[in-house]
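Asker: According to TrEMBL, the protein carries these features:
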- 36-287: domain 'ABC transporter' (DOMAIN)
- 379-400: transmembrane segment (TRANSMEM)
- 412-434: transmembrane segment (TRANSMEM)
- 455-481: transmembrane segment (TRANSMEM)
- 487-516: transmembrane segment (TRANSMEM)
- 523-540: transmembrane segment (TRANSMEM)
- 601-622: transmembrane segment (TRANSMEM)
Amino acid sequence: MDQEISDIESQTIYKTTLQEEAPHISHKAKKCHVILKFDDVTYKIKTKKGKLLDKKTMEEEKVILKGVTGIVEPGEILAMLGPSGSGKTTLLTALGGRLGGKLHGTITYNGQPLSNVIKRNSGFVTQDDVLYPHLTVTETLVFTALLRLPNSVTKEEKIVHAKAVIDQLGLTKCKDSIVGGTYIRGVSGGERKRVSIGQEMLINPSLLFLDEPTSGLDSTTAQKIVSTLWEVANEGKTIVMTIHQPSSRLYYMFHKVLLLSEGNSLYYGKGSEAIHYFSNIGYAPALAMNPADFLLDLANGVYTNELKEDHVIDKQQLVLAYKSNIEAYLKAGIHEISDSGSSSEGEFKDRGFGKWPTSWSQQFFVLLRRYLKEKKHESFSSLKIVQIILTALLAGLLWYKSVLSHLQDQIGLLFFICGFWSFIPLYQAIFTFPQEVKMLEKERSSGMYRLSSYFMSRIVAELPMDLVLPTIFILIIYWLAGLKANFLSFLCTLFTLLLHVLVSQGLGLAIGAIVLDQKSATTFASVLMLCFSLVAGFYVQHMPKFIHWMKYISNTHYTYQLLIGSQYYTGETYPCSKGQCLVEEYPSIKEMGFPNLHEKVVAAIVLVIMLIGYRLVAYFSLMRVGVTKKLT
């Protein structure tokens, strides 16, 4: 990837200015504009009321949004202000088409309800920066460009466009630095936020939603980000953002302001006219006061008059004043503004924003390369390789040159191999989806790729080390421990172990995909694997009938059975007190049942079914991630 980027950059001579270069993608199609209208939007959720152990717990509906109305036209920035819990993020999520539940009212885009085409031509920047910490800024944006830009744009053009966005956002100095995260040092918070914005700007979106893009940033960095957004709006984009407490410099950059309090609208209109409006209804601010601070005070029910005296006010009066002075005119204005000058859905399709921007194979290979780059420090960790080699050496020395007369020791070694390779791959796989759920939700919500291409890329990316490490392990321990010196027996043992590893990995993926919480998944997996180990046939030979069935769903049981079958054959004897005894008559083997050829085939088939079945469970469990439920 690095070489490709440098090769393309060396072939490209930037003779034009940044402004000429940044809209590179839009040269292939005319600009598309979106008029966003929302009328009487109401949102309700159900909450439980009562004590934790009280059987009489009641459900009650809580109204989050109470009939919010507004319109945003191309070239405008709408800033939604309000205290925490006022409904800003909920409204933004609803307008972005990412909110499920009881949402009432009308939201239209160029006079039409939300469609997949509009959604794929929209950008949504979440408050938390969801980025891969080990990728550089350039890698992050290039991979995003390769996935989100349509096939009508060549690979080279996508990389050039990603470079132009880096320059446009002022990220040139840190383009080769890793993004970083909570525990990994990388770029600064402001740079990380600009990378998040850059990911959305890559598609040249007609609609851009941002959830508190200046949160946690200093005033200078916040100013740079809003200035960039203001320039983007001037290109004909429609921008909607939430913001908590902007400075006066930022406030006057917003074309429109929506003030919310407990789900109610208190003001909607030009930011420069807000002070005049509230002064006219009897709430004149103190002199030289930041307009945003004044509006937030009102939304919190606090009013500071011209004498700088604080008063508690009834917010319901502000709601009634809004309904009588603004709402009626606003609704009339919404119906008067025509959508005829805006772009149709067909024009968006002409830009290449159809059902999927790229083919399945393109998505698969880009996702595979991205994942390998992000996880190379874990997957190919020297520490992990050393751990496996040392464990194999230690076990090999403990069971060094074991002989058939010590049959119980050999059986114990076979079960140790089963148990060890039950837990290792499972606990590596179990964190895959819980760690990535936020990224998957973000990228699937924007229609970046198919779930199947994502899922297969994860499966394939893990295969090399999942197959190499057990092979190294068995190569060491098999010959040190003196297991059957027969090449066919060795191959059967290796094949069985690799199949067992893939089944355990699949089980880990399934548990992680179902639970999607690391702590809960770990707890559940620990109990489940303990049960599978106990019923496998090594610890307990005489199980009660009511729990005997559990061994038939235990992958450890089938693996143990196959390992026994790969080391010993029917009629084989071992030295005992009677002279020579049959291996199949050894108590622990006899109770489990010495596997014949038919039983070996059945065990292998069951493991293959588990290998596929667990992955199907994981896949279907992931289908709920990043999908907005149908609104009612």
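Count begins at 1; order follows the chain as displayed.
Each Cβ is built from the backbone N, Cα and C atoms, and glycine gets one as well.
Note: TrEMBL annotation is automatic and uncurated.
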Asker: Over the domain 'ABC transporter' (36-287), what does the predicted model average in pLDDT?
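Answerer: Mean model confidence (pLDDT) across the domain 'ABC transporter' (36-287) is 89.
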Asker: Any chance the transmembrane segment (601-622) and the transmembrane segment (487-516) are in contact, meaning at least three CB pairs closer than 8 A with a sequence separation of 6+?
Answerer: yes
Asker: Which sequence-distant residues neighbour the transmembrane segment (487-516)? Criterion: at least 6 residues beyond either end, Cβ under 8 Å.
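Answerer: The answer is 417-418, 421-434, 437, 458-459, 462, 466-467, 470-471, 473-474, 478, 524-525, 528, 555-556, 559, 562-563, 565-567, 604, 607-608, 610-615, 617-619, 621-622, 625.
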Asker: Rank 379-400, 412-434, 455-481 by Cβ pairs under 8 Å to the transmembrane segment (523-540) and hand me the top one.
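Answerer: Ranking 379-400, 412-434, 455-481 by Cβ pairs under 8 Å to the transmembrane segment (523-540) puts 412-434 first.
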Asker: So if I exclude everything within five residues of the ends of the transmembrane segment (455-481), which remaining residues of that chain have a CB under 8 angstroms from its CBs? That is, six or more out.
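Answerer: Here the qualifying positions are 363-364, 367-368, 371-372, 375, 379-380, 384-385, 388-389, 391-393, 395-397, 399-402, 410, 413, 417, 421, 424-425, 428-429, 432, 490, 493-494, 497-498, 501-502, 505, 509, 615, 618-619, 622.
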